[in-house]
Amino acid sequence: MSAVLTAGGGLTAGDRSIITAINTGASSLSFVGSAFIVLCYCLFKELRKFSFKLVFYLALSDMLCSFFLIVGDPSKGFICYAQGYTTHFFCVASFLWTTTIAFTLHRTVVKHKTDVEDLEAMFHLYVWGTSLVVTVIRSFGNNHSHMGPWCWTQTGLKGKAVHFLTFYAPLWGAILYNGFTYFQVIRMLRNARRMAVGMSDRVDQFDNRAELKVLNRWGYYPLILIGSWAFGTINRIHDFIEPGHKIFWLSVLDVGTAALMGLFNSIAYGFNSSVRRAIHERLELFLPERLYRWLPSNFRPKNHLILHQQQQQRSEMVSLKTEDQQ
């Protein structure tokens with residue numbers, strides 16, 4: 001991960017060991033969360049729709065980025081080069097896939113287009129092609145060295161400038177694009193909702209709350225990238241101003257939040273109602289009926305709750321008929 005790869009200059013050996021441990025722990029959480037979404041996509045056929053396919057590619061990029069961050073390599077040579085290139089490539093691919101999700105939602109909701117599935121090949125060319133180009137460009141003016149478990153640190157001013165242009169410039173471009181796109185989508189849906197409320201005397205309050213919940217969740221998507229990379233951006237700017245002085249707590253926040261990006265993405269994009277429904281359906285098949293009684297209602301499969309309610313209604317009807325006969 002690009003923020004992690006440059007966080008060590010000017011720090012003591014103890015500081016670097018702490019940062020290494022934070023990176024390993026946070027990257028492991030991201031790897032587990034992303035791998036869970038990838039596994040769900042592979043196991044559950046009902047999830048293999050185009051919209052979730054983009055989430056799968058996002059989770060796959062996050063998983064590989066986290067994996068190479070965890071593995072690392074302190075040695076010089078080919079493996080050090082490979083680790084530096086792969087982490088940069090897959091981390092860039094990760095935030096580029098979020099722009100394809102935003103584009104798909106905008107094209108479907110705002111422009112009312114139904115041809116998004118035909119653009120899958122263009123999405124792959126855009127994400128993987130752009131990631132490859134910026135990764136190759138970043139090798140220019142770069143001094144390949146190592147710091148602890150990370151390779152490809154930036155030491156010269158030219159290398160730092162290339163790093164900023166090939167990672168943080170497209171990153172904040174993606175953040176601005178996602179924010180503007182989701183703002184348009186949310187504004188249009190809220191306007192449509194107001195019109196529907198004005199034309200109808202009665203509005204289903206449950207659907208109303210569910211719709212507002214979805215709208216609010218979309219608004220948080222751009223904040224994931226901001227939260228993950230704000231401290232990294234500040235750390236890079238500080239490194240330009242004072243290259244010989246590193247702030248430990250800023251480096252800790254830089255590494256910790258950036259390494260958690262995969263976990264944040266897997267929760268926000270991946271663990272949605274469709275995934276929960278698929279898991280609940282499998283639980284119904286494999287868990288014994290008697291175990292459901294010991295689970296809280298929030299953890300019970302939806303179909304089981306509906307069946308339980310229907311059974312209660314039938315029992316109430318039987319009791320009423322019995323009373324009528326008496």
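One-based numbering along the chain as shown.
Each residue, glycine too, has its Cβ placed from N, Cα and C.
Annotated domain 'G-protein coupled receptors family 2 profile 2' per TrEMBL: 19-273, in sequence order.
Summarising the annotation, TrEMBL assigns transmembrane segment to 18-42 (among others). Here the transmembrane segment (18-42) has long-range neighbours at 1, 4, 7-8, 11, 48, 52-53, 55-56, 59-60, 62-63, 65-67, 69-70, 148-150, 251-252, 255-256, 259-263, 265-267, 269-271, 275, 278-279, meaning same-chain residues at least 6 beyond its ends whose C-beta is under 8 angstroms from one of its own.
Positions annotated as transmembrane segment by TrEMBL: 54-72 (among others).
For 84-105 (among others), the entry in TrEMBL reads transmembrane segment.
Feature annotation from TrEMBL assigns transmembrane segment to 125-141 (among others). Within its own chain, the transmembrane segment (125-141) has Cβ neighbours under 8 Å at 57, 85, 88-90, 92-93, 96-97, 100, 156, 158-159, 161-163, 165-167, 170, counting only residues six or more beyond its boundaries.
The transmembrane segment annotation in TrEMBL covers 161-185 (among others). Listed by sequence, the residues of this chain that lie at least six past the ends of the transmembrane segment (161-185) yet keep a Cβ under 8 A from its Cβ atoms are 2, 6, 88, 91-92, 95-96, 98-99, 102-103, 105-106, 109-110, 130, 134-135, 137-138, 140-142, 154, 218-219, 221-222, 225-226, 229, 232-233, 236, 240.
What TrEMBL records for 218-235 (among others) is transmembrane segment.
Residues annotated as transmembrane segment in TrEMBL: 247-271 (among others). Through the fold, the transmembrane segment (247-271) approaches residues 1, 3-4, 7-8, 11, 15, 18-19, 22-23, 26-27, 29-34, 36-37, 40, 55, 58-59, 62-63, 65-66, 69, 91, 94-95, 98, 101, 217, 220-221, 224-225, 227-232, 234-235, 238 of its own chain, all at least 6 residues removed from its boundaries and within a Cβ separation under 8 Å.
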